[in-house]
Every structure is written in C-alpha cells, then in structure tokens.
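Novice: Can you keep this structure in mind? I'll have questions shortly.
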Amino acid sequence: MAKDSQFSGGKSHLEMGSLEGRAVLQLEDENLVDSKHNDRRTSSMDATPQISVFDTDTDDVSCKCMWNSILRQMHIVLFSKKLNLLIPCGPLAMLVDTLTDHHGWIFFLSLLGIIPLAERLGWATEQLAFYTGPTVGGLLNATFGNATELIISMYALRRGMIRVVQQSLLGSILSNTLLVLGCAFFAGGIAHSTKDQLFDKGNAVMNSGLLLMAVMGLLFPAVLHFTHTELHFGKSELALSRFSSCVMLVAYGAYLFYQLTSQNSLYMPLAEEEGENDESLEEEEAPEISKWGSIIWLSILTLWIAVLSEYLVNAIEGASVAMSIPVAFISVILLPIVGNAAEHAGAVMFAVKDKLDISLGVAIGSSTQIAMFGIPFCVVVGWIMGRPMDLNFQLFETATLFMSVLVVAFMLQDGTSNYFKGLMLLLCYLIVAASFFVHIDPEAIQDKPKKT
C-alpha cells in the first residue's frame, strides 16, 4: 500500500506539472465565458447581439496559445542542448552528396548529424515515459534507443550489405554491455566513492541468461559452418538460423510479458521504498512537453534519422576506402557509438543519481533487446526480402561476443558496482575496438554466395 500511495503521489505530481500550462488557459477561458455572459445580458437589453465578436476573440486567443505552445516545444526540442548545434550536419551531408562524390565527408557529416537526433529521440522517449509509468517507459526507452541501429540495419539489408547488418548489431550489443555500462559504473562509482552501489541482482542475472541464450543462437550456425557438418551445405545453416530466430522472438515476447506483469520489474528502482531522498529527486523531474507532443516529436525524429541513415549506409564502403578504415571497425565501433548516444547519456546520468537499476535497465535492457529481438527480426525480414541473412556472424565476431557476455555476467553476479568494475569494462571495450581495427573479413567469406 505504501508503494502504491507513493506511486500515485508521484503520478499526481507529474499530472500537476504537465497541467501547469493548462491552468492559465483555463483561467483565460473562464474570464472569456464571464465576459461573454455579461455582454449577452446587455445585448439582450439592446437587442443587438455581439456573440460573433467574442467568438472571434476566443478563436484568436486559442490560435495564439496553440502557436505559443508549438514554438515553446520547438525551442525545447531543438535549442535546449548544445549538442543540437550538430543538427545542420545532416542537411550538409545531403548537399555534399548532391554536389560531390566525397564519400568520406558524406559519411562523417551524416554520422555527426545523427548524434543529436539520437539524443533527442531518447529525450522524447523519456518525456513520454512520464505519462506511461516506469515499466512501460523503460521498455520504450530501450526500444527507441535502438531505433537508430534498426533503421540503419534495414537500409543496409535492403542493399544486400549483410555483413554490415551483422556487425552493426553485434557492435550495438558490445557498446551497451561494455562501453555504456562501463561508463555508468565508473561515473556512479566516482560520484559515490565511499560505498558500493547496489542493484537488483535477480534481474541482472536474468538478463545475463538471455544474452547467453542469444550467444548460443549465434554460436551453433557458426560452428555448423566451420566444422562442415551441415546436412545440406549452404542450406542447413540458413534454415537453422531462421528457426532459431523464431524461437528467440518467442522467448523475447515471453520476457516482455513477464516484465510488464511482474511486480519485480527491471525498470523499477530497487530502493523505491527508501523514501525521502527518492521523493525529493522525483519532485525535481517533470515532463517538459505534453504526451501528444512527445509522440509527434518521436515520429519526426525517427523519420529524420531514417533519411540520414540512407546517406550513411550508402557512404560506408566509400568512406572505408577514403579514410583507410576497415568496414568492420566502422560497423562494429563507430555506428553503434552514434546509435547508443541516448543510452550512454541516460545510463551515466542515472548512475550518478544512484539509480543504478534504471542504468541497468537502459544498458543491459537495450543489449537484450538487440540480441533477442533486433538480430532475429533482421533475419526474418531478410527472409521476407529474399536476403540470406543468417545467424552465422563468423568465428571472430561470435568469439568476441561470447567473451564479452561472460565478462559482463561475472561483473553483475554479486549485485554491486564500483568505479573499478566500470574501468575494467571500459578497458575490455578498448581491446575489442583495437581488435576490430586490425580485423578484415576475408573476401572469400564476405563475398561467398549463399542460397535462399
């Protein structure tokens, strides 16, 4: 009951915060109604009604308030962060693509243009989460946080760049589990250096289990391919990948159902009942835009990211040649860092506020969603498109993912974190980045024709 009352209290506060602007409009409407009522009484005496004049005034006031609300939201979304100074890089990338063939500049400008859009997408999701509650809000944050990677993957898959799809999704998992979580542990440990931060060990272990299940789904097709033990060469591997993808999608659906119906949700703070400190922090947070404003801006930002992603994907191969950087490094390291900008900032912010469960919900939850939903979804979409997208990520990539998931699972098993754990995760990510910088896919593997 205390927990429910606390939640309802926080909810009523958020509703009061979101209705603050409406109170002014309501007072104005009441004044207009009173003045209209008085004028109607005098007009009935003079037999000269003035209703049309007041209707026009009401319309003018409502239009003015609507435009003021739109301008205020545009200012909050587009001009409230210094990072938004990078937004013009998107149109510049389009201009360079139209006038020249410098793929290096097109890729670089598109990359810079997507960074603030990914951050704003995460911010708009957080605004919507104020109206949906912590559980649904956490799932929305993980979903739209991965929207950038999924959009880029769809464009690459449509162009037949299957290795780019596989490596970018793999890089997203590595980025979230090692870089984002490492930064969160490190920043939280520095901010609270006198104690170990606590998080829900049960939820962390469950997510580690899901990540290991995803590794198993990727490992068997790779082993089947490299041991040459397929029943039908070139077909069994693809069939197994599609079957495993369907199983992983079912498992992720069951996971979502569990999260939405369980009392012990991943996105609920562990120390929620610890009272006054949490209440004071909640009082400082209130939605900056309305519910429908959040939905509209989510749609606009997603569409704009989709447009820039097409330019980004088209320039990957040319940029690799122009900048002498392997495609594998671009796909595994650069693209996920851009796509995970929102999760990175959010996870670090919550860790500094000692809300480590929310940081885990963002970082590990996002990794779980890519591993159990994003990768299988791309396999199914490739199946529909007639593209031989499979779960054979090749031996080097699969081994990298397996070791990274094991490291993270060991870090999460005791339910505590500190800056040293964060530093170890960051150093592991540096090793992974260096490995992919010197790694090039053999042409025989990269260009090997696959049968559908």
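Using the three backbone atoms N, Cα and C, a Cβ is placed for every residue, glycine included.
Unlike curated records, TrEMBL annotations are generated automatically.
So TrEMBL lists the following for this protein:
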type	residues	note
DOMAIN	104-260	domain 'Sodium/calcium exchanger membrane region'
DOMAIN	294-436	domain 'Sodium/calcium exchanger membrane region'
TRANSMEM	104-123	transmembrane segment
TRANSMEM	135-157	transmembrane segment
TRANSMEM	169-192	transmembrane segment
TRANSMEM	204-227	transmembrane segment
TRANSMEM	239-258	transmembrane segment
TRANSMEM	295-313	transmembrane segment
TRANSMEM	320-338	transmembrane segment
TRANSMEM	358-383	transmembrane segment
TRANSMEM	395-413	transmembrane segment
TRANSMEM	419-440	transmembrane segment
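Distances, neighbours, how buried they are, the whole picture for these features please.
Specialist: Listed by sequence, the residues of this chain that lie at least six past the ends of the transmembrane segment (169-192) yet keep a Cβ under 8 A from its Cβ atoms are 146, 149, 153, 211, 214, 331-333, 335-337, 339-340, 343-344, 347-348, 350-352, 354, 356, 359-360, 362-364, 366-367, 370-371, 374-375, 378, 393, 397, 400-401, 404-405, 407-408, 411, 417-426, 428-429, 432.
If you look at the transmembrane segment (204-227), the same-chain residues 6 or more away from its ends with a CB under 8 A from one of its CBs are 173, 177, 236-237, 240-241, 244-245, 247-248, 251-252, 255, 266, 360, 364-365, 367-368, 371-372, 375-376, 390-395, 398, 401-402, 405, 408-409, 412-413, 415.
Nonlocal intrachain contacts for the transmembrane segment (320-338), taken as residues 6+ away from its ends with a CB within less than 8 angstroms of a stretch CB, comprise 102-104, 107, 111, 114-115, 118, 148-149, 152, 163-164, 167-168, 170-172, 174-176, 179, 312, 344, 397, 432-433, 436-441.
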Novice: Restricting to the same chain and to residues at least six past its boundaries, which positions have a Cβ under 8 Å from a Cβ of the transmembrane segment (419-440)?
Specialist: 174-175, 177-179, 181-190, 193, 325-326, 328-329, 332-333, 396, 400, 404, 407-408, 411
Novice: Tell me if the transmembrane segment (395-413) touches the transmembrane segment (239-258). I count contact as 3 or more CB pairs below 8 A, with pairs 6 or more residues apart.
Specialist: no
Novice: May I ask you to check whether the transmembrane segment (295-313) and the transmembrane segment (104-123) make contact, with contact taken as at least three Cβ pairs under 8 Å and only pairs 6 or more apart in sequence counted?
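Specialist: By the criterion, they touch.
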Novice: In the domain 'Sodium/calcium exchanger membrane region' (294-436), how many residues does DSSP call helix, how many strand, and how many coil?
Specialist: 120 helix, 2 strand, 21 coil
Novice: Would you kindly list the residues that approach the transmembrane segment (104-123) from elsewhere in its chain, counting only those six or more residues past its ends and only Cβ-Cβ distances under 8 Å?
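Specialist: Counting only partners 6 or more residues beyond its ends, the transmembrane segment (104-123) has Cβ contacts under 8 Å with 77, 81, 83-93, 96-97, 141, 144-145, 147-148, 297-298, 301-302, 304-305, 308-309, 311-312, 314-316, 318-319, 322-323, 330, 334, 338-343, 345-346.
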